[in-house]
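Input: a single structure, listed below in structure tokens.
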Amino acid sequence: MKYFNTIVNWNMLNSNEQKNILLRPVIKNNNSIKKKVKKIIENIQVLGEKALREYTILFEKCHINKFEVSKEKMLSSSLYVNQSLKDAISTAKKNITSFHTAQILSPIDIETQVGVRCQQIYLPLNSVGIYIPSGIAPLFSTVLMLAIPAKIAGCKQIILCSPPPIDNTILYAANICGVDKIFQMGGAQAIAALAFGTKNIPKVDKIFGPGNAYVTEAKLQVSSIFNGPQIDMLAGPSELLIIADEASNADFIAADLLSQAEHSISSQVILLTPSLQLAKKVIISINNQLKNLSKSDDISTALDNSVIILTKDLFECIKISNIYAPEHLIIQTKEPRLILKEILNASSIFLGPWSPESAGDYASGTNHVLPTYGKSVSSSALGLCDFKKRVLIQELTSQGFINLSNTLKILSEAEKLEAHKNAVKIRVDFLKEKI
């Protein structure tokens, strides 16, 4: 285990050094992965489940006769999940449901001028696919974060897939969240099967969920193909930035930094503070807590991507944070809501000492599927709207049309769109003949 001891004074750096200190771990543009994924997608499109079965043997080291998990197995999964975990999942489900139900938008119905009615309505996506990767432990929390809003949105078919064997906790969470079908399949081949369908696996309209480099590349490729599905986002390594002052609890900050660094060796954590005393306390606490963590070596590797930045004041912390545009932002200061007013770019924000990032990961109610790699500048956390589509409606009365007709003719003529102008003129002439 390496000793973490990285404090950098922001104002001792030149502009290039300041830029470099905020660089994220490089995501390699791997042409080998691109080519392999392209071949997998092509084989699934042509050979369907035959190719899917061969890839499952190759990558998952198991033979699957039937990819779909039976309803009986989904229901019986409850028997293999202990009650304390069921209770915790129930609490998380309740909070996530409450927060996402509050996101239901009302339709818009207005008259922009007399006789011109404009509406905006929201319709659920028909079929969505949820990908849950395998790992050291089952990621049932991601099932909740994706299946619950899909159900609230009214998606008619919710499909989940995960590499075999699928843990009972995943099956249990999927069942209580209203997932319709579950398939034992993983990797780029699973994304391709969801994207284009097979004999027994339905094609979906949009694919959600995280995964490794192959899954991410597959999502990118299928979404770029004509008639391919939409995707939620391309997830990068997880990241956390903390703004703290002398009033902050150093042990809390250290624990939060370590919890985020735990995600993967590519994770990045940053502390911004004007207090050198706090920075030193945090370093001591990080190294003390790290000794007691089972993944200390991996966390230490992630800390190589990480830094504590000493600033002249909190205003400078805000400026740096807005430049970095973190996935997760913790504001642990004396008056966090004053800082909040100045934050422009962050995917999910945690205020005060009692709001660890772990709360958002699991059970506060907000979604943990978030833009990374600075994308919070222009992108948002996953929400109910991602499972719906906006539809626009307009209805003009004859008088409303006449009132607007001259405007339409002038504008279409200015853009040299003769057929547009004619579509207006032919109606005007028709109405004049009736008078």
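The first residue you see is number 1, and the count goes up from there.
Glycine too: its Cβ is placed from the backbone N, Cα and C atoms.
As written in Swiss-Prot, here are the features:
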{"type": "ACT_SITE", "residues": "Glu327", "note": "active site, proton acceptor"}
{"type": "ACT_SITE", "residues": "His328", "note": "active site, proton acceptor"}
{"type": "BINDING", "residues": "Tyr131, Gln189, Asn212", "note": "NAD(+) binding site"}
{"type": "BINDING", "residues": "Ser238, Gln260, His263, His328, Asp361, Glu415, His420", "note": "substrate binding site"}
{"type": "BINDING", "residues": "Gln260, His263, Asp361, His420", "note": "Zn(2+) binding site"}
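Shown here: features listed in Swiss-Prot, placed on the structure.
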residue	record	CB count, 10 Å
Tyr131	NAD(+) binding site	27
Gln189	NAD(+) binding site	27
Asn212	NAD(+) binding site	15
Ser238	substrate binding site	23
Gln260	substrate binding site	28
Glu327	active site, proton acceptor	28
His328	active site, proton acceptor	24
Asp361	substrate binding site	20
Glu415	substrate binding site	9
His420	substrate binding site	15
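Summarising the environment of His263 (substrate binding site), the number of other Cβ atoms within 10 Å of its Cβ, over all protein chains shown, is 19.
When the alpha carbons of His263 (substrate binding site) and Glu327 (active site, proton acceptor) are compared, the span between them is 13 angstrom. Of the recorded residues, Glu327 (active site, proton acceptor) and His420 (substrate binding site) place their C-alpha atoms 46 Å from one another. Spanning the residues Tyr131, Gln189, Asn212 that the record associates with binding NAD(+), the maximal Cα-Cα distance equals 13 Å.
Comparing His420 (substrate binding site) with Tyr131 (NAD(+) binding site), their Cα atoms are 45 Å apart once rounded. Pairwise Cα distances among Ser238, Gln260, His263, His328, Asp361, Glu415, His420, the recorded substrate-binding residues, top out at 56 Å. In sequence order, the binding-site residues near Ser238 (substrate binding site) (Cα within 10 Å of its Cα) amount to none of Tyr131, Gln189, Asn212. Other than Tyr131, Gln189, Asn212, the residues of this chain whose Cβ falls within 8 Å of the Cβ centroid of the NAD(+) site are, in sequence order, Pro133, Pro163, Gly186, Gly187, Ala188, Ala190, Ile191, Gly211, Tyr214, Val215, Ala218.
The binding-site residues near His328 (active site, proton acceptor), taking a 10 angstroms Cα-Cα threshold over the set Tyr131, Gln260, Glu415, are Gln260. Of the recorded residues, Tyr131 (NAD(+) binding site) and Glu415 (substrate binding site) place their C-alpha atoms 46 Å from one another. Look at Asn212 (NAD(+) binding site): DSSP puts it in coil. Residue pair Gln260 (substrate binding site) / Gln189 (NAD(+) binding site) shows a Cα separation of 29 Å.
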